[in-house]
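Asks: Quick paste of what TrEMBL says about this protein:
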- 6-29: transmembrane segment (TRANSMEM)
- 41-60: transmembrane segment (TRANSMEM)
- 72-92: transmembrane segment (TRANSMEM)
- 104-122: transmembrane segment (TRANSMEM)
- 134-155: transmembrane segment (TRANSMEM)
- 162-184: transmembrane segment (TRANSMEM)
- 190-211: transmembrane segment (TRANSMEM)
- 216-250: region 'Disordered' (REGION)
- 233-250: compositional bias 'Basic and acidic residues' (COMPBIAS)
Amino acid sequence: MEDVVKFVFGVSGNVIALFLFLSPVPTFWRIIRRKSTEDFSGVPYSMTLLNCLLSAWYGLPFVSPNNMLVSTINGAGAAIEAVYVVIFLAFASSQRTRLRMLGLASAVSAAFAAVALASMLALHGQGRKLMCGLAATVCSICMYASPLSIMRLVVKTKSVEYMPFLLSLAVFLCGTSWFVYGLLGRDPFVAIPNGCGSFLGAVQLVLYAIYRDSNSGGKQQAGDDVEMASDAKSSKKVADDVGGKEDRLV
C-alpha cells in the first residue's frame, strides 16, 4: 500500500513539475517573435538545467534505486531547459549577453560532467548515492529559493502583481508531492529540498492571501515566468523578468 501511495505522489509530482517547466513558454515565444532577449535574464534557465541534470542522474537505478520517477521528470525538464538555453543563445540581445550565456552553459555542462564522472569512476554504492544526492539537494534548494526576490518585492510594494497565484500554488503542490514521495521512500535527498520548496510555496500563498486585496500594480501577469526576476533592478525589469520555473523542481 505504501508503494502505491508513493507512486501516486510521484506521478502527481511529475504532472505538476511538467506544468512548471513549460510555464516560461509565453516568455520564449515573445523572445522568438521579437528576435531579442531584451532585458530577460538567462541565468535561471541555465541553473535549472543543472538542477534537472543532477536530479535526473541521481534518480537513475545505478545511483539511487527505486527513483525512476525522479529521473523521468527531470530528464524531461533538462530537455526543455536546454531548448530555452539554445533559444536564449540564438536571440541574445547583444554579443556580450550571448558570450555570458555561453560561458554559463559551458560551466553547467562541466559541473554536471564532473559529478557524473566522479560518481561513476571513483565511487560505488552508498558513496555514489551520497555524492550525487548532496549535489542534487544543494542545487534544488537554490532553485526553490530563487523566488525570494519576488516575495521581498511583494512585501515591499504590498502588491502581488508579479507573483501569479496559480504558479505559487503549483510550486507548493509540486514541493509537497515530492516531499511526501521522499518521506515514503525514506530518501532525505528528495524529501529535504522539496520540503523546503513546499514551505516556500506555502509562504507565497500566505503572502498572496495578505496582499491580494491591496494589489495596486495593475493586472496580474499570470503567464510570466516567476524565476526570471532573480535580480530585479527596477519595477520595469521585474515586470519583464517575472515567471514560473520554479520551476521546478525535484
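Placement of Cβ uses the backbone N, Cα and C atoms for every residue, glycine included.
Those TrEMBL annotations? Automatic predictions, nothing curated.
Keep in mind that this is a model prediction, so the values were computed, not measured.
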Asks: So, taking each listed stretch (6-29, 72-92, 104-122, 134-155) in turn and counting its Cβ pairs to the transmembrane segment (190-211) that are under 8 angstroms, which one gives the highest count?
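Replies: By Cβ pairs under 8 Å, 134-155 leads among 6-29, 72-92, 104-122, 134-155.
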Asks: Any chance the transmembrane segment (134-155) and the transmembrane segment (41-60) are in contact, meaning at least three CB pairs closer than 8 A with a sequence separation of 6+?
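Replies: Judged by the Cβ rule, the two regions touch, with the required three close pairs present.
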Asks: State the residues, same chain only, that lie 6 or more residues beyond the ends of the transmembrane segment (104-122) and have a CB under 8 A from a CB inside it; answer 'none' if no residue qualifies.
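Replies: Sequence-remote neighbours of the transmembrane segment (104-122) are 42-43, 46-47, 49-50, 53-54, 57, 63, 85, 89, 128, 131-132, 135.
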